Amino acid sequence: MTVRVAINGFGRIGRNVVRALYESGRRAEISVVAINELADAAGMAHLLKYDTSHGRFAWDVRQEREQLIVGDDTIRILHERTLDALPWRELSIDVVLDCTGVYGNREHGEAHLAAGAKKVLFSHPGSHDLDATVVFGVNQEQLRAEHRIVSNASCTTNCIIPVIKLLDDAYGIESGTVTTIHSAMHDQQVIDAYHSDLRRTRAASQSIIPVDTKLAAGITRIFPQFNDRFEAIAVRVPTINVTAIDLSVTVKKPVKANEVNQLLQKAAHGAFHGIVDYTELPLVSIDFNHDPHSAIVDGTQTRVSGAHLIKTLVWCDNEWGFANRMLDTTLAMAAVGFK
């Protein structure tokens, strides 16, 4: 069965989902039927073909009126401003990938369903009343056919949750802190300009900028036992892609740094293959651009203090890795059936 997908919002994640679908060779499993985006069709085609972070798309891309032609595939282009105007029933859409970054509560999901979609997957953390929040590789087996409105969490949640699970299962986590060192994003300014967050009024290319993050809440969403036991801060740095996460956890069992690395390396080659990777090469952020893993552990940076405080550095391509997980979760949602 080929899952018929529509994408709502063709920004960074929406475009990378399409690219990842074609590059991963999963077109027999997922077919993009339609894309809803307020921007003009010519701009959509151009930005799919040419990308500053990920280079030229290997497939031929062209636009013909309100159609996007990718290779031999024709994708219908829509420009609807309201969810109730979307023709998902007419197009027999199985799963809508809502990549707007704007919608994310149950009401929005229900609007997609009312328009005829069978299921909805948000590309960002959603409200607590959604049917499920999935971090693929960790909890997708909890999905059921009746889970129709689902969140794929965030790129940083997908990065850190597998590592937290591995450390907790092995050593028992007491508490932890997380610092996200995140590439600049579209909600920042090219030059100084107004923003409700005064730090984000400043030019993104000229400063390291602290921003608010809900990552601690994202961790608790997946692992409720860590409520009030994790804190997180975030800074944006003047790069356009790839993120590093500094994870520090206090654990119950005594451990050495080499034992932590052995655990994470074994997981990367075993149970978490394709989700977690491990390296001891002297790499920098650009080297992880276009990496499909959710998390890449940098074993050279693992430290243990007093046998109970573990510090790790985990990398991710916050666009490409997450786009690949969107595809994984879509297939997992379809695999459990539709009600």
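The backbone N, Cα and C atoms fix where each Cβ goes, and this holds for glycine too.
So that you can see what the record holds, here are the features copied from Swiss-Prot:
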- ARG12, ILE13, ARG81, ASN318: NAD(+) binding site (BINDING)
- SER154, CYS155, THR156, ARG200, THR213, LYS214, ARG236: substrate binding site (BINDING)
- CYS155: active site, nucleophile (ACT_SITE)
- HIS182: site 'Activates thiol group during catalysis' (SITE)
Spatial neighbours of SER154 (substrate binding site) among the recorded positions ARG12, ILE13, ARG81, HIS182, using Cα within 10 Å, are none
Look up ARG81 (NAD(+) binding site) in the DSSP assignment and report helix, strand or coil.
-> coil
What does DSSP call ARG200 (substrate binding site) in the simple three-state scheme?
-> helix
Anything within 10 Å of ASN318 (NAD(+) binding site)? Look among the recorded positions CYS155, THR156, HIS182, ARG200, comparing CA atoms, and list what you find.
-> CYS155, THR156, HIS182
DSSP three-state call for ILE13 (NAD(+) binding site): helix, strand or coil?
-> helix
Is any of the recorded positions ARG12, ILE13, ARG81, HIS182 within 10 Å of ARG236 (substrate binding site) (Cα-Cα), and if so, which, in sequence order?
-> HIS182
Relative to the Cβ position of LYS214 (substrate binding site), how many further Cβ atoms are located within 10 Å?
-> 15
Taking the Cβ of THR156 (substrate binding site) as the centre, how many other Cβ atoms fall within a 10 Å radius?
-> 27
What's the most sparsely packed of the binding-site residues SER154, THR213, ASN318, counting other C-beta atoms within 10 A?
-> THR213
